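Enquirer: Once you've had a glance at the structure underneath, I'll fire off some questions.
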Amino acid sequence: MASVSVDEAMRRAIELAARGLGTTSPNPVVGCVLLDEDGQVVGEGFHAYAGGPHAEIVALAQAGQRAKGGTAVVTLEPCNHTGRTGPCSSALVQAGVARVVIAVPDPNPVASGGAATLRSAGVRVDLGVRGDEAEAGNVAWLTSMRRGWPYVIWKYAATLDGRSAAADGTSMWITSEAARIDVHALRGTVDAVLAGVGTVLADDPRLTARNLRDGSLAIRQPLRVVVDSSGRTPADARVRDGAARTWIATAAEVGADPHGRVDLPALLAALHQRGVRAVLLEGGPRLAGAFLAAGLVDKIIGYVAPRLLGAGPTALLDAGVTTIAEAIDLEFVDVTQVGPDLRITALPRKREG
Ligand SMILES: NC(=O)c1ccc[n+]([C@@H]2O[C@H](COP(=O)([O-])OP(=O)(O)OC[C@H]3O[C@@H](n4cnc5c(N)ncnc54)[C@H](OP(=O)(O)O)[C@@H]3O)[C@@H](O)[C@H]2O)c1
């Protein structure tokens, strides 16, 4: 078999890591490729679920004796602590690995220090190979660990003229079945789905991740969160069914902003405490506006249908913008056709000052 470069091995490790997306939280996604002294792949692994073996341990188990003198190529700095599994840095040292190549350092203060442990045991450590790519694959986890609150994706559906419902309030379904299937897949990759009480009262959504064809529930369900200052969510609301965990987040429990509404930074901090790393904000327009006004949205995914309504509610309400100079500037990073609709992904540009 041909030998593999460290760069190629890292590309493969990043691919492997992505297989854990949606099931590893509150842990990161991690991939590992083990090369022997001749650069042959002797082990591969990824972290599949929290509490399960780490990527390095899976790869080491495959490699056995062949790991000795070899190179471990890992997307994230090997952990240095004993959690539900032992420290990966020690396992690599014990296996006799001579070199460890890491894409991104671990920002988690509890687990970091793996690179130092490896170096002090005489292992050569290189950092930063395909760092940007590995960072992008783990962006929600890395962002949330660095700043202490979850990565927030605002998702909405609208017509080409930005309407989220018709003038009479009817809105089912603005976008196609293909777009809705895409949304259910997206729900499966996050830890929590958030909606304002206005949406719960208007639409009575389930907010579960489902197979739309047969209605069956995905194995892993995000926490459903209703942002509901004074507890107006009806007792028989669908979000209260037993299909997934639900948190009705009230101002009394989370803390109130100056208007007596749920304090959004406090809400995100509380979610982080519960192990939530990625949040899908599903509206409605009032809550989304408040999140955007507070600068709490990291990514926007808009599903845009090839339809016009000309009247009716818009997808976004007051976001704290009163004049064009205050507009929230975005960068489009992806445009994909989903059935007849477009899925547009945008990132808010960082504001100066
Ligand atoms: N097209 C789409 O993608 C989409 C998605 C979702 C919903 N919708 C539509 O949106 C409509 C409902 O939207 P909506 O704007 O009335 O309701 P909403 O955004 O779902 O909920 C707004 C409510 O959230 C509560 N809230 C608690 N803390 C808040 C805070 N810090 N900032 C802002 N709000 C806070 C407030 O009620 P309290 O003060 O009582 O807590 C507020 O009235 C429905 O017609 C639905 O069909 C469309």
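Cβ atoms here come from the backbone N, Cα and C positions, even for glycine.
In TrEMBL, annotation is done automatically, which means it is predicted and not curated.
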Enquirer: Name the residue, out of THR189, THR199, THR208, THR246, that TrEMBL lists for the same NADP(+) site as ALA157, TRP173, SER229, GLY284, PRO285, ARG286, LEU287, ALA288, GLY289, ALA290, please.
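Expert: Only hit among THR189, THR199, THR208, THR246 in TrEMBL's NADP(+) site, alongside ALA157, TRP173, SER229, GLY284, PRO285, ARG286, LEU287, ALA288, GLY289, ALA290: THR199.
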Enquirer: Need a hand: TrEMBL gives ARG187, ASP203, LEU207, ARG210, GLU282 for substrate, which of SER171, SER176 is also on that list?
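Expert: Of the residues offered, the record points to SER171.
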Enquirer: Could you state the CA-to-CA distance between HIS54 (Zn(2+) binding site) and ALA288 (NADP(+) binding site) to the nearest Å?
Expert: 36
Enquirer: Anything from the binding-site residues CYS88, ARG187, THR199, ARG210 with its Cβ under 6 A from ligand 1? List those in sequence order.
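Expert: Result: THR199.
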Enquirer: For CYS88 (Zn(2+) binding site), name the DSSP secondary structure in the helix/strand/coil scheme.
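Expert: In the DSSP reduction, CYS88 (Zn(2+) binding site) maps to helix.
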Enquirer: Check the Cα distances from GLU56 (active site, proton donor) to each of the binding-site residues CYS88, ALA157, SER171, GLU282, GLY284 and keep only the ones within 10 Å.
Expert: CYS88
Enquirer: Determine, using Cα-Cα distances only, which of these binding-site residues is closest to LEU207 (substrate binding site): ALA157, GLY284, ALA288, ALA290.
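Expert: Sorting the binding-site residues by distance from LEU207 (substrate binding site), the top entry is GLY284.
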